[in-house]
Amino acid sequence: MHQKERTRKRENTMKALVINGPNLNMLGIREPGIYGTETYETLVQICQDAAGDLGFDGVEVFQSNHEGAIVDRIQEAYGSVDGIVINPAAYTHTSVAILDALKAVSLPAVEVHISAVEDREDFRQISYAGMACFARVTGEGLQGYAHALKLLAEKLAK
Ligand code: CA2
């Protein structure tokens with residue numbers, strides 16, 4: 001077992017990381033028909049409230065418009081968080097780098113999408129990140145993040 005992982009196990013706390021990809025910081029500002037009228041701040045609040053209710057000791061909600069920054073954050077999660085909820089946004093459909101990073105850290109991960117991607121364009125039907133996730137939540141709006149955190153908490157309790 002890697003040193004960072006050993007230290008983490010000794011801490012006996014449960015920490016979650018929520019990762020959001022490009023343009024999700026624009027929530028509530030444009031395209032309300034698809035992504036709703038609630039803002040990114042509301043999304044952060046939903047994650048913090050859900051994490052508290054589910055017994056997580058902490059949750060970080062991270063957003064970046066840059067693929068490499070998302071890869072970096074996933075790598076940094078190794079040994080410091082217990083599980084990941086990820087909405088890679090447009091990178092869902094393009095990024096093998098994010099898939100590889102998720103596989104590299106091998107943390108339990110849940111894929112979440114605000115919209116029902118399965119009912120949208122053909123180019124949204126492939127999900128690379130999803131190949132490294134044990135569950136997927138789509139089409140539940142921002143509450144989907146609370147659902148995804150619940151699935152993660154259940155997985156970690158096993
Ligand atoms: O439904 C989702 O959560 C998506 O991950 C959102 C991505 C899209 O590329 C995925 O196919 C599905 C787009 C995020 C863009 O977010 C915006 C928010 C407000 C205004 C404009 C874009």
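From the backbone N, Cα and C atoms, a Cβ is placed for every residue, glycine too.
All annotation found in TrEMBL is predicted automatically rather than curated by experts.
Annotated features in TrEMBL:
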SITE      R30  site 'Transition state stabilizer'
ACT_SITE  Y35  active site, proton acceptor
BINDING   N87, H93, D100, I114, S115, R124  substrate binding site
ACT_SITE  H113  active site, proton donor
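Where TrEMBL records a feature, it is marked here on the structure.
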residue	record	DSSP (3 states)
R30	site 'Transition state stabilizer'	coil
Y35	active site, proton acceptor	helix
N87	substrate binding site	strand
H93	substrate binding site	helix
D100	substrate binding site	helix
H113	active site, proton donor	strand
R124	substrate binding site	helix
Message: For the recorded positions listed here (R30, H93), tell me which residue's CB has the most neighbouring CB atoms inside 10 Å.
response: H93
Message: As a test of the contact definition, list every same-chain residue at least 6 positions from N87 (substrate binding site) whose Cβ is closer than 8 Å to its Cβ.
response: I19, N20, G21, L24, E111, V112, H113, I114, Y145
Fewest other C-beta atoms within 10 angstroms, as judged across H113, I114, S115, which are the recorded positions: S115
- line: Y35 (active site, proton acceptor) to R124 (substrate binding site), Cα to Cα, whole Å, comes out at 15
- prompt: Distance between R124 (substrate binding site) and R30 (site 'Transition state stabilizer') at the Cα atoms, whole Å?
  reply: 19
Query: On the Cα atoms of N87, H93, D100, I114, S115, R124, which are listed as binding substrate, what is the maximum pairwise distance in Å?
result: 24
- prompt: Quick one: Cα separation, D100 (substrate binding site) versus R30 (site 'Transition state stabilizer'), in Å?
  reply: 31
Query: Relative to the Cβ position of R124 (substrate binding site), how many further Cβ atoms are located within 10 Å?
result: 16
- prompt: Among all the protein chains here, how many other CB atoms are within 10 A of the CB of the residue listed as 'active site, proton acceptor'?
  reply: 18
- prompt: Around D100 (substrate binding site), how many other C-beta atoms are within 10 angstroms of its C-beta?
  reply: 13
- request: List the Cα distance (Å, whole number) between R30 (site 'Transition state stabilizer') and S115 (substrate binding site).
  value: 14
